[in-house]
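These notes are about the structure you will find just below.
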Amino acid sequence: MDIAIQHPWFKRALGPFYPSRLFDQFFGEGLFEYDLLPFLSSTISPYYRQSLFRTVLDSGVSEVRSDRDKFVIFLDVKHFSPEDLTVKVQEDFVEIHGKHNERQDDHGYISREFHRRYRLPSNVDQSALSCSLSADGMLTFSGPKVPSGVDAGHSERAIPVSREEKPSSAPTS
């Protein structure tokens with residue numbers, strides 16, 4: 001039996017068979033016209049894809065950077081306060097969990113929860129890890145790298161989330 005596998009790039013081109021925002025992270029934030037009638041955007045022009053990249057960039061997608069000197073994770077958590085977030089390190093992984101109870105917004109009541117897990121490079125100094133939340137809701141998790149051959153230290157511990165009053169300097173891609 002052959003199963004057709006479709007690349008995510010073409011997923012939105014199928015219009016009404018794959019609703020763009022009905023079941024993703026934006027659930028409960030209200031719908032736009034093209035969410036209910038996604039095939040209309042393709043009638044304007046076959047090259048017009050309004051929500052393809054906007055949805056990806058605004059859906060809480062994280063950015064991981066690992067260069068020679070440091071390891072950094074940027075994660076959009078604008079709907080969560082520092083009290084709603086838990087960041088902990090277990091072995092070679094960092095786990096970021098966010099949950100807020102049901103609260104009222106413009107469209108009714110909503111509760112949110114997410115869980116992300118990232119593998120830390122083996123040369124990240126786990127004793128010097130830090131995590132901060134900017135005023136615009138960007139969580140930044142970072143840690144310096146140590147030279148090869150130096151013990152980076154591995155232990156299970158919680159990382160406190162500090163609040164910054166200035167907006168994030170993270171790229172918006």
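For all residues, glycine too, the Cβ spot is worked out from N, Cα and C.
Feature annotations, reproduced from Swiss-Prot:
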MOD_RES   Met1  N-acetylmethionine
REGION    1-63  region 'Required for complex formation with BFSP1 and BFSP2'
MOD_RES   Gln6  deamidated glutamine
MOD_RES   Ser45  phosphoserine
MOD_RES   Gln50  deamidated glutamine
DOMAIN    52-162  domain 'sHSP'
MOD_RES   Lys70  N6-acetyllysine
MOD_RES   Gln90  deamidated glutamine
MOD_RES   Lys99  N6-acetyllysine
BINDING   His107  Zn(2+) 2 binding site
MOD_RES   Ser122  phosphoserine
REGION    144-173  region 'Disordered'
BINDING   His154  Zn(2+) 3 binding site
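Residue counts for the domain 'sHSP' (52-162) under DSSP (helix as H, G, I; strand as E, B; rest coil) come to 12 helix, 60 strand, 39 coil. The Cβ of Ser122 (phosphoserine) has 11 other Cβ atoms within 10 Å, all protein chains considered. Within its own chain, Gln90 (deamidated glutamine) has Glu156 as residues 6 or more apart in sequence whose C-beta sits under 8 angstroms from its own. Neighbour counts were taken as the number of other C-beta atoms within 10 angstroms of each residue's C-beta; across the recorded positions Lys70, Lys99, His107, the minimum falls on His107. Separating the Cα atoms of Lys99 (N6-acetyllysine) and Lys70 (N6-acetyllysine) is a whole-number distance of 28 Å.
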